[in-house]
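Participant: Pulled from TrEMBL, these are the listed features:
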| type | residues | note |
| --- | --- | --- |
| REGION | 15-34 | region 'Disordered' |
| DOMAIN | 91-247 | domain 'Sodium/calcium exchanger membrane region' |
| TRANSMEM | 155-180 | transmembrane segment |
| TRANSMEM | 192-210 | transmembrane segment |
| TRANSMEM | 230-248 | transmembrane segment |
| TRANSMEM | 273-294 | transmembrane segment |
| DOMAIN | 279-417 | domain 'Sodium/calcium exchanger membrane region' |
| TRANSMEM | 314-337 | transmembrane segment |
| TRANSMEM | 349-370 | transmembrane segment |
| TRANSMEM | 376-397 | transmembrane segment |
| TRANSMEM | 404-424 | transmembrane segment |
Amino acid sequence: MASLQEPWLLENGNLKGSSKEIRHGRTAHNMSSSSLRKKSDLTLVSKVRCGMLRHLLTNLQEVILGTKLTVLFPAIPLAIAAECYGFGRPWVFGLSLLGLTPLAERVSFLTEQIAYYTGPTVGGLLNATCGNATELIIAIFALWQHKIEVVKYSLLGSILSNLLLVLGTSLFCGGIANLGKEQKYDRRQADVNTLLLLLALLCHMLPLLFRISAASVSLTEVPTLQLSRVSSIIMLLAYITYIIFQLVTHRQLFEAQEESEEHGDDLSEETPVIGFWSGIVWLVGMTAVIALLSEFVVGTIEDASESWGLSVSFISIILLPIVGNAAEHAGAVIFAFKNKLDISLGVALGSATQISMFVVPLCVIVAWILGIEMDLNFNLLETGALALSIITTAFTLQDGTSHYLKGLALLLCYVVIGACFFLSKTPSTGHGNAIDLGVKSAAGVVGA
């Protein structure tokens, strides 16, 4: 599709920064999402004589029809219609959640297309920013509506699903599909991500322990909030350092494997299919639609909870991450089947690291700017589940080899945690805290 590219992006007949440099700029997230894409047949479109119309139809076919998740796109107008015409609120929630699935995959596709023109460093930075755009946008809308518990639950659920569900399914399916082979992966990448996850866990546990250790909650409320904000700034600085480490100084540790041994050097896989400015426009448009559906999800989550008989914590921690990131998760499992665990680990650990070290502290800072008191205290049950998940994952990945039993163990951990939150009936959006109540009652006993 060289004829559709902007001429100023061509140099000596070739795309600037193409070929090997761009291939090495592809991240695990890009490689994972690419497994759900399909080649578009542009035979009919190429016969259109009007250049502008041909360009528009080509973009529509590549962006809308160029994914195996095209069947889910009708959920987007249905969700908008359900909201406009006053259909049942649970229907709006369910349709919006389904509509977010192909949009998340398309954002990954568009960032990769833009990366062909900007080079691997800028492209990697763009992917690092937009990699979990859905979670970030949902969290921002929940913050705007002062639903702090929904923010915490949804982000916690994304971390747990990546560490246990995605990684567990990848290791299990990869082990079953490659019983006669020894599955190995690069421990260095896993060690870096695990170290950052442990740093994030420390920043989550200290506010909780700080509050529990106090005789009165009122005495620690302000210091806990201040500690959380300072910790969030430190986490963001650490994440910026991690991005430099990943994209500049130690890029070789995070380069995604290519499929040349199976598909050969197919040039069509290494050239963009839409132009630079087209990619920018589509990315902005997709982000706007994600923002609209995220607003629907946040506004109807309590109605869905009451209608379905499920707690808001279960919906936010279990359902939101599973459905919202289904495309990325499926791609990680597909590469595990192909015995490419480095890509699967890059997706699961990279996404968990990005959420814990970037999205969570960014939400605390945004809440601070908006005058909303959000801290890093995720309550005892939630923080305990996070701690055990990170520790279990760290032990699972310590030797650099994998088999299906490791994946099964991670999956069973996720099932147990899911059952725990299914039975937990925490208040939907209230600011009540079970830990606070326990501390208050304990303080009352001491005072008596």
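Here the Cβ of each residue, glycine as well, is placed from N, Cα and C on the backbone.
In the displayed structure, how are the listed features positioned relative to their neighbours?
Facilitator: DSSP assignment over the domain 'Sodium/calcium exchanger membrane region' (279-417) gives 116 helix, 2 strand, 21 coil.
Non-local neighbours of the transmembrane segment (349-370) in the same chain are 27-29, 128, 131-132, 135-136, 139-140, 143-144, 148, 151, 155, 158-159, 162-163, 166-167, 189-190, 193-194, 196-197, 199-201, 203, 228-229, 231-233, 235-236, 238-239, 242, 254, 325, 328, 376, 393; each lies 6+ residues outside the stretch with a CB under 8 Å from one of its CB atoms.
Beyond the ends of the transmembrane segment (404-424), by six or more residues, the same chain brings 160-161, 163-165, 167-176, 179, 310-311, 313-314, 317-318, 381, 385, 388-389, 392-393, 396 to within a C-beta distance below 8 angstroms of the stretch.
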Participant: So, taking each listed stretch (155-180, 192-210, 314-337) in turn and counting its Cβ pairs to the transmembrane segment (376-397) that are under 8 angstroms, which one gives the highest count?
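Facilitator: Top-ranked stretch among 155-180, 192-210, 314-337: 192-210.
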Participant: Take the transmembrane segment (192-210) and find every residue of the same chain, 6 or more past its ends, with a Cβ under 8 Å from one of its Cβ atoms.
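Facilitator: Contacts of the transmembrane segment (192-210) (Cβ under 8 Å, skipping residues fewer than 6 from its ends): 163, 220, 223-224, 227-228, 231-232, 234-235, 238-239, 242, 245, 253, 349-350, 352-353, 356-357, 360-361, 375-380, 383, 386-387, 390, 393-394, 397, 435.
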Participant: Residue list, the transmembrane segment (314-337) vs rest of chain: Cβ under 8 Å, 6 or more residues beyond ends.
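Facilitator: Distal contacts: 29, 31-36, 67, 69, 97-98, 100-102, 104-105, 108, 134-135, 138, 150, 153-154, 156-158, 160-162, 165-167, 169-171, 173-174, 177, 297, 301, 304-305, 308, 343-344, 347-348, 351, 382, 418, 421-422, 424.
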